[in-house]
Amino acid sequence: MDINWTPVIAATVCGAGALYLLSRWRFNQKIQKKILNARKRRDKSLQQAEQAVQLFKTQNPDFESSSIVSLSLPELTGKLKDGSLQPDAVLYAFMEKALEVNKNLNCSTEILMKSVAQLKDINTQKKGLLYGVPISIKDNVAYEGRDTSCGVVSKLDEPALVDSVVVKVLKKQGAIPFIKTNIPQGLLNYDCSNPIYGQTLNPCNLQKTSGGSSGGEGALIGGGGSILGLGTDIGGSIRIPASFCGICGFKPTTMRLSVQGISSCVKGQKSVLSSLGPLGRDVESLALCMRALLCQDMFSLDPTVPPIPFNQEVYESSEPLRIGYYENDGYLQPSPSMARAFRETKDLLERAGHTLVPFQPLRLYHALHELTMRGILGDGGRTLFSHLQAGPIDPCLRDQTNILSIPGFIKKLISIVLKPFVSASHLSVAELWRQHANIEVEYIQEVIAEWRRLNVDVLLCPMLGPAYNFRYCGSLNSALSYTILYNLLNFPAGAVTVSTVTEEDEAQLRHYRGVHGDMWDRLFVKAVKGGVGLPVAVQCVSLPWQDEMCLRFMREVEQLTAKRIMVL
């Protein structure tokens, strides 16, 4: 008997399709539930913080927060030490300000209400360098009982079992971590948006991004809601938000500070090293944070960190410096405001008696294309993509994920013609070893040899800016040439705000052609357009482990800029 299999096959196919759709629906429902729960936790913490602030204000009718949050960090620590300010008043002052800033900028992922409980024992840390100082921490810095989401759904509902080493040390120094701040999805982006917590806005202009990946820190500190914060930096992730938001940020030598308890979506990647460092309103705040963290507690808690205390003598030195410099790295032409801010800073340093020596980055195309991006995405981007595809993709990351999802053989073809960083394919073990040797044995030593040949102490170069319009960061990886180079080299680097965009700067954008005159140079103009009044920074760099020298140079730039502004 002949059997008509068509209906059977059709039913089977329909059944399989229905099962697939059902499984996808359940998966999406699970994802949405995780996102909703994360938002509920954030909203609950914000409500609890508002109630706590209101209760404190009711109990203390004379409480006035504006006079507290306007203090500099040295002023604040001085008043806390002499008892003219109490830690509870300071915590609630910054909590109130942070709540106000967050309403406008969406920069927080959670208020850490355990900070209120920490007040009970705070007097036991009176000798700490940061006694009573409220501190903000980036989302990926572990805090016991809280998620370190990295902006991806795959890391939600996995609260940290213990504090990260740096949080433990901050607490021992009397600091009070009180808020976690927003990040871009996956962290490898210099915007600040994710599908869990949304887009963070710039405190200087709500139509601009705050930068990333430490964008929540940049926005909160720039908006006055925190006086000191911790971020991480793998391509400019501390320095770019500092530049975009008008504050200071410092990327130390990797492993100068412990990274135990710091979450990432590319753990194990060793070609380009991430670094944990401070963001603050001024350079002295950054130096104080480094002094506090570089202590015996950190060296004991994490024996992999070299026990090198902060060298105050180097930081306070006033000896004239021999400063290398370049205005254009030959890869990305600076925006008009970047170039002007750089030239003005160079002139100030020369007039102050420092020696300026021309310096040009070596083999930059090779460093960026072959060493940096092939190293970061040495697995073809699979590890990062595995985290991203476990949930919805944020618009700020769409261009990057489109590239990551391209089949390897096509990726290899387009990597030949596309200037922005496209990793052709995953590296074999032998290729990865060769890659590390090319970085560590050849390129880094080649740059250090050139540094020594010119006999320079530090390096001055432009800092990416001004702040971008939304949705451009993911399309302009090529613009990271000024920052990511120093992650590859593992040189300490910091951003110092020195100026603001003028009408003339904006007008000159009409004549901007870029180094290549290609679509990305044209895209860069669109990204920075409309920046009048936004902050502009310069970048200061030193050799590895000479972090105090870098901070000393940053302080010199900051002081000379302040004097110029006073004269004007």
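Glycine too: its Cβ is placed from the backbone N, Cα and C atoms.
The feature domain 'Amidase' is assigned by TrEMBL to 90-551.
Around K138 (active site, charge relay system), the same-chain residues at least 6 positions away in sequence with a Cβ under 8 Å from its Cβ are K180, T181, I183, S213, S214, G216, E217, G229, L230, G231, T232. Here TrEMBL flags K138 (among others) as active site, charge relay system.
Look at TrEMBL and you will find L187, S213, I234, G235, G236, S237 tagged as substrate binding site.
The active site, charge relay system annotation in TrEMBL covers S213 (among others). Cβ contacts within 10 Å of S213 (substrate binding site), excluding its own Cβ and spanning all protein chains shown: 34.
Long-range C-beta contacts of S237 (substrate binding site), restricted to its own chain and to partners at least six residues apart, with a cutoff below 8 Å, comprise L187, Y190, G212, S213, S214, G231. What TrEMBL records for S237 is active site, acyl-ester intermediate.
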Protein Cβ atoms within 10 Å of G236 (substrate binding site), excluding its own: 31
Chain-mates of L187, S213, I234, G235, G236, S237 with C-beta within 8 Å of site centroid, substrate: L188, N189, Y190, G212, S214, T232, D233, I238, I240, S274
Among L187, I234, the one of these binding-site residues whose Cβ has the fewest neighbouring Cβ atoms within 10 Å: I234
Packing count at G235 (substrate binding site) (other Cβ atoms within 10 Å of its Cβ): 27
Residues L187, S213, I234, G235, G236, S237 binding substrate per the record - widest CA separation, whole Å: 11
Segment confidence, the domain 'Amidase' (90-551), expressed as mean pLDDT: 94
